[in-house]
Amino acid sequence: MPFDRLEQDIKMMKEAGINCVRIAESTWSTVEPQDNVFDFKHIDRVLDAMYKANIKVIIGTPTYAVPTWLVKKHPSVLATTANGQYQYGARQKMDITNEHFRLHAERVIRKIMEHVKDHPAIIGYQVDNETKHYDTAGDNVQKAFVASMKEKFTLDSLNSAFGLDYWSNRINNWDDFPSTVGSINASLNAEFSKFQRKLVTDFLAWQTAIIKEYAKPNQFVTHNFDLDWRGFSYGIQTDVNHFDAAKALDIAGVDIYHPTQDHLTGIEISFAGDLARSMKGGKNYFVIETEAQGFPQWVPYPGQLRLQAFSHLASGANMVAYWHWHSIHNSAETYWKGLLSHDFEPNPTYNEAKTIGKDFQRLSSKLINLKKKNDVALLFSNEAQTAFNNFEMVFKTKYNDVLRPYYDALFKMNVGVDFIDPSVTDFSGYKLIVVPVLYAAPDELLERLNAFVAKGGHIVYSFQSGSSNENVKVRSSIQPGIINKACGITYSQFTVPENVSLKDDPFNVGAENKIHTFMELIKPSTAKVLAYYDHPVWKDYAAITENIYGKGLATYVGAMTSEKLLEAVMKDVVKKAGLWDVKQNLAFPIITKDGINSEGKTIRYIMNYSDKSVEMKYPFSKGTELLTNQKISKDEQLTLAPWNVKIIEIEGK
Amino acid sequence: MPFDRLEQDIKMMKEAGINCVRIAESTWSTVEPQDNVFDFKHIDRVLDAMYKANIKVIIGTPTYAVPTWLVKKHPSVLATTANGQYQYGARQKMDITNEHFRLHAERVIRKIMEHVKDHPAIIGYQVDNETKHYDTAGDNVQKAFVASMKEKFTLDSLNSAFGLDYWSNRINNWDDFPSTVGSINASLNAEFSKFQRKLVTDFLAWQTAIIKEYAKPNQFVTHNFDLDWRGFSYGIQTDVNHFDAAKALDIAGVDIYHPTQDHLTGIEISFAGDLARSMKGGKNYFVIETEAQGFPQWVPYPGQLRLQAFSHLASGANMVAYWHWHSIHNSAETYWKGLLSHDFEPNPTYNEAKTIGKDFQRLSSKLINLKKKNDVALLFSNEAQTAFNNFEMVFKTKYNDVLRPYYDALFKMNVGVDFIDPSVTDFSGYKLIVVPVLYAAPDELLERLNAFVAKGGHIVYSFQSGSSNENVKVRSSIQPGIINKACGITYSQFTVPENVSLKDDPFNVGAENKIHTFMELIKPSTAKVLAYYDHPVWKDYAAITENIYGKGLATYVGAMTSEKLLEAVMKDVVKKAGLWDVKQNLAFPIITKDGINSEGKTIRYIMNYSDKSVEMKYPFSKGTELLTNQKISKDEQLTLAPWNVKIIEIEGK
Amino acid sequence: MPFDRLEQDIKMMKEAGINCVRIAESTWSTVEPQDNVFDFKHIDRVLDAMYKANIKVIIGTPTYAVPTWLVKKHPSVLATTANGQYQYGARQKMDITNEHFRLHAERVIRKIMEHVKDHPAIIGYQVDNETKHYDTAGDNVQKAFVASMKEKFTLDSLNSAFGLDYWSNRINNWDDFPSTVGSINASLNAEFSKFQRKLVTDFLAWQTAIIKEYAKPNQFVTHNFDLDWRGFSYGIQTDVNHFDAAKALDIAGVDIYHPTQDHLTGIEISFAGDLARSMKGGKNYFVIETEAQGFPQWVPYPGQLRLQAFSHLASGANMVAYWHWHSIHNSAETYWKGLLSHDFEPNPTYNEAKTIGKDFQRLSSKLINLKKKNDVALLFSNEAQTAFNNFEMVFKTKYNDVLRPYYDALFKMNVGVDFIDPSVTDFSGYKLIVVPVLYAAPDELLERLNAFVAKGGHIVYSFQSGSSNENVKVRSSIQPGIINKACGITYSQFTVPENVSLKDDPFNVGAENKIHTFMELIKPSTAKVLAYYDHPVWKDYAAITENIYGKGLATYVGAMTSEKLLEAVMKDVVKKAGLWDVKQNLAFPIITKDGINSEGKTIRYIMNYSDKSVEMKYPFSKGTELLTNQKISKDEQLTLAPWNVKIIEIEGK
């Protein structure tokens, strides 16, 4: 901060309706300027000022960026990866398993907790920040990995399970175990990735346990998980097992960054929100970070900041927090701009935030704690992701590039989705499970999925589901492995489509009738073929099939399709699953989401993700639009201004 | 292998007519699970089973992938390159000169040989696998290189030959010799590359000598050479001197991988086959590896696997072997799919292989040992290749990108080609020698080429032939160096063409009349100009010339042309060399190849590399189509189905 | 040199009118073949021969390429950068601060100077060659950097100025100072870059001081500075502070390489020439290296070598020297072709050089020592450049990509330009100052620029001028920082334009009315808006403004525009600054430059940078065309052949 303006900042925060801030994160070098020398004056000052202003505080542990003195004293705290050891400078470059890092991290956390634990401004704690394993793979990590292997495998079972005979990689003595860094064995790579994800789970659980020793019963512990990054929050995070890591926490938190301006679709907000909500089994979550101005290309159009804020609530968020309050004047995130620009003056984005703050203050009792009951689940798997991505050279695509179009199709037709992962054993709440590229999975999971169909469930698989087992050994049984029973198909070959479409355009998508990247040459056994390939040679193979299995239906999509084509396929699936409803008659850019609030009322959001004004007949039960406090009845004409939102409290239960 | 099915595998092999397998390759960690502990049970079991089934076995030495224990014990076996030392994991990462590697490799080879040498199933041995030098350039290699330099040069002759004064690189004391790793001197780089190629020659000769101590007189030693890799077998291999390395072997072997589906042309099969046949002076060779299903994009269309198999025979192969029998279930080559998919079930590719096996069994006595007599040779040079590629920044293209279009043009007009390299001293068997980009060559070679023309030979040079000497010193004489005598031209400048074509489209190729990448500004002395450049400034310079020199004709192509343009130029060359024949009236996609079999009969292949049925008048002498056993007479109408082949045994001698 | 031909070379040089050569550069390994063993015979021989031929000699110190023995003895002479230590081979890989390098460099310089200092052929010396810091950043450099920081900052002022609290980078003890190599702090990176530039200044001053101990009063010391390299001399050099480094020298030198053929525009010659002339406050400079044939794509069209040579003189050069005389036959610059090709024969380029030599001999007394008085200055800043480029991920462009279009626009409308940098304190000679992207600047500089306007000056700023201070701390005042006073505007947000143009095409550029890459959302306070953005959302923000401030006018361009649009804006600026003249009615490809020669005469160049003949009415005062010795009067019809030049000595003073 170039000069002191705490009082002015708090005044402007209050004007914007901000009622909670997060502090202390990443301030290790300020809090502990030298080894075992502590200085809490900055924390104290802010805590007191916030308390006085009735702004709640979340204390973040400062451990995700290490101070200069620690690196000077213990250079090994910087992680060693396949590309060598990190240099000091950026955050998140430490080895989270390093003993010196752990000792010093524990001490600074305890010192902070001892100091702040009784402060009345604090409502909760955040452990670390967007923790991942940072590819740590040095000798100590390798040693721990081998120890974990010894617990799971004998040498014989290891060599056999991972096929290590190949290229003479066989390990005949545990002491011969080479570093995984040069490995070309996908099974070993996947196992090491799983081990690295467990390091993250363990690290967060360890920090949480320390915090819990000091925290009051009414204070929560959270963490801000982040997603696979493609310049924005894109998909499933490879480096963290979110469901596992979230177990230690009281409340799941998530950081959501997404395109805006002409590219704002609401998909990332919905995707990350559904994921965060699913981490703790449907519990409401915090959006701990999202953009205010963000990157230059993200400066929101008028109305977008509001639409975004309400979109988070519509997905079940109980907090929307911006990274960050004001733009900072030096270093890496200088142009990750906050609510305020560098000049600290009100600007269009801040001014719009003020309207959000006002509406939140007025309506939050109705809007928070929204509960959702979804009929549809999307099954993702870190194991499948790691394994599939290991073969990117073969499949020419990555896990999230297959998964996202399935999610996007459901989002665009207003189908509410929960995320589930292989640890979820109870499918009974769902009518339809969507399973993109479950490339690696244990028999048990696939058999459970078969049973779900047999009992009446609907399921959609993408290509390469069931291919390999939990050790990334390709199944030697008929493909698709095990699920061929429910799907009623087999294939033994697959190839790369060139100029391939679906014969006779069965889903009526015209110019969008296109296959790309990957196709399986499918033969139906009991399945009904929904689409054959249109190609001189492959024309007798099926592309998309469905199969009645027991009381249910299993659909299989054997190729990578255009987005529009997949949307048409999924529309058909949703209809056959009996889930087509009045909501589905709306469609992107009109998105509707709902839930039941604490008062037992249905709250319905209707959002316009476009720069065009949209006229529509309101198709739901009568209620009250909360932002305008106007009544609305079924079939009444409704106008949604560009980038606008309506929030209707439905009458009755 | 996920479960034992040796018996079933052999049954399916027999059904496919497979009569030879290669084993033991890359199994070091299985054969020698710990230092000096040996286990031959897998080898024994397969040898016995194959013998019982009357399937012959080639034993491969296991040395191209090192076991974990060896690396743990002697980390220096992993090669050090310009980018540091390799990590353990992938194959072919060892320093083939490392003393520990050599000691242990020798021991495991001897142990295997002692164990198997009397087994009756074995017909021969393969030393190592696709051996290259793997860029080994550590201190020990540098030391050996300097020692080899001392034998060839004095310091003065070295500094002068390589121009080391430049940028102060002069070496005034052998002890000052720096590592070549950072060298910017093309002469030094080329010399080091030559040294590295010699390491490969020496390594293969060393392994072969060990094998020969044990092998029976009727057992062969072979090796599977591979080509410059562009995602498939593309061109001349930079890292191995094939002619030199093949000397130690009894039979040359080659691995050939190529595009299929709509991209199957037969060129790579023909190119690599011609090269392998030429390695041992026209002796028949083995195709030790080629794809069955291979990469996803290579799954063959119906008919293609057959066409490919017969294409290999048509080029003179005496064996066609697939990598590999079944697809493997783990590790790097999981999706380099074999004849069988992971499910081990018959599939379209395997089923087609069965028809090949049947035809081979019936016809092999007529089809193997095909002898060829070609009038045309293509002269390649590893020295020219390394030197030219060293200046890729200048010439904006690489050696193989110049060479391949010349080969391709000949292939497409059904001109049979031998490969020759600078070690071939007798040109008397050839009427036409094609010389792409002989950038570095000793005076002696260029003078021999001049003499070949003087005596009546025809020759075609591409641009930059003759430019520099064997030490990659650009000649200070008139360019093109020495061959300007035969070519009757000079140039002193060259440039990069922008929007340049040939004046008045002298080769009638219409829209394909295009020059790109590189052009020399040629002045004829005695040459006839076949084409001038079409460009406002360069219009008075010649692009393509021919010159009568003694009794022969030398054609010079001074620029990089479009493929179609080069095909037209080469058509003209072939005609002027008096080699235009009935075969040349056919053209790609109809490819014809022939040879004389052991019975002295001419065997003629006619192949259709397209997805269209082709009607043609059979223009050759009468004979019998062997696959159908039908008579055929000259000028009879012949239909070639898509991707199909006819094999005609010509009547008479 | 493959064989001795000194006599023949000198003969051909004389024929080409060459009267000066540069020798000894980069010959350390020849001059000092072993540690402390010296051999001057090559130098002596050339000096004597040149003296005899009356060709003057510049002796270059040989220090920019180190000999093998030095690296063997002291491996630390090779610099360590963020990517590790350099390998031996290329030039310019040493640590210019290394004590061993310095000791040995000093000794070899002194030995050479002692040996040659009395030779009558020598007219001057060149210290080193295109010196830069080569990214040296090893431990010794870091230590020196920290020492320099201690002199400028206390720990508190450092942490505050650079914002090191962020991501815990705070330094609480000088001993904790980490290597800058991994830094993500733009302030620290910029400071380290400034320190590295000072290493270059110090190094050249140190060498110059040594030379001066020996040099005669009438011998000059120079250095050949080079520019930011984009495959040719593109823009401001990041790694050297040219104005600072040139202080020690007697005469500034510059190396200028540029596209030719259809891409010859004269811009690089003019740009680098204006820069070199400005280094020593308008003193004439040497073009120490420029291309003869150069890269293959640079072989000049007929006329271009002449046009280029006179272009250099037109900008104020007193020497035009080619790199190099003849093409060399080995190593890295084999195809950086000289006046002669490898064959040493006359060629079109050499032949054209002969005509230049003749004209120079005849006319040089009139053409050299041309003095210029420009009304326009372009202000560049190494500090702004480093800082702006540090945020390339944000701004999606680099400093020179913003600066060059401003220069180019002025060049194309024949406006003479001086370069100034922040060290220039006297603006009084200028009527217009052009300030592209002065991203980082101290308050004092911005206030001086405001004062310049207040006093009646005209100024043009690009976007992001004034943003941050000299420590790359973004200003927390209103943006644009400080200059908002003169510009009469503010902005608080900026974004990335998608399909944005200027409303109503105010500069009449039709299809070229385009904004790209970056745009600021500007609000005028007192400014007049020259252009609003044409975009549905941003339409109320200004893109380009001008503001009367005191007696002057400040124009602000808030976005990256198409080149044509910027040219139109600059045309407007030049007119409003009262600088539109008869020269400006000419325009690219007709370029005119002028100056006053030693006789007090105005010399005017009129150059045709195109392949079309151009007819024009000669609009200047009468005079004599010197190349043809023909009189020319005002309004006389003049024909400029393609790539041709006229040089008119104006009558009268």
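Cβ coordinates come from backbone N, Cα and C, glycine included.
Small disclaimer: the values here were computed from a predicted structure and weren't measured.
Residues annotated as domain 'Glycoside hydrolase family 42 N-terminal' in TrEMBL: A:4-362. Residues or ranges marked as substrate binding site in TrEMBL: A:R91, A:N129, A:W298. Summarising the annotation, TrEMBL assigns active site, proton donor to A:E130. As annotated by TrEMBL, active site, nucleophile applies to A:E289. Summarising the annotation, TrEMBL assigns domain 'Beta-galactosidase trimerisation' to A:375-579. Under the heading domain 'Beta-galactosidase C-terminal', TrEMBL lists A:606-648.
Positions of TrEMBL features highlighted on the structure.
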residue : record                    : Cβ neighbours (10 Å)
A:R91   : substrate binding site    : 18
A:N129  : substrate binding site    : 23
A:E130  : active site, proton donor : 20
A:E289  : active site, nucleophile  : 21
A:W298  : substrate binding site    : 22
Q: Filter the recorded positions A:N129, A:E130, A:E289: retain a residue only if its CB is under 8 A from a CB of chain C. Output in sequence order; output 'none' if empty.
A: none
Q) Over the domain 'Beta-galactosidase C-terminal' (A:606-648), what is the model's average pLDDT? A) 97
Q.
Distance check, please: Cα of A:N129 (substrate binding site) against Cα of A:E289 (active site, nucleophile), rounded to an integer number of angstrom.
A. 10
Q. What's the CA to CA span in angstrom from A:E130 (active site, proton donor) over to A:W298 (substrate binding site)?
A. 21
Q. Per DSSP, what is the residue count of the domain 'Beta-galactosidase C-terminal' (A:606-648) in each of helix, strand and coil?
A. 0 helix, 21 strand, 22 coil
Q) So, in DSSP terms, is A:W298 (substrate binding site) helix, strand, or coil? A) helix
Q: Give me the Cα-Cα distance between A:W298 (substrate binding site) and the residue listed as 'active site, nucleophile', rounded to a whole Å.
A: 15
Q: Please state how far apart, in Å and to a whole number, the two most distant Cα atoms are among A:R91, A:N129, A:W298, the recorded substrate-binding residues.
A: 24
Q. Rounded to an integer, what is the Cα-Cα distance in Å between A:R91 (substrate binding site) and A:E289 (active site, nucleophile)?
A. 17
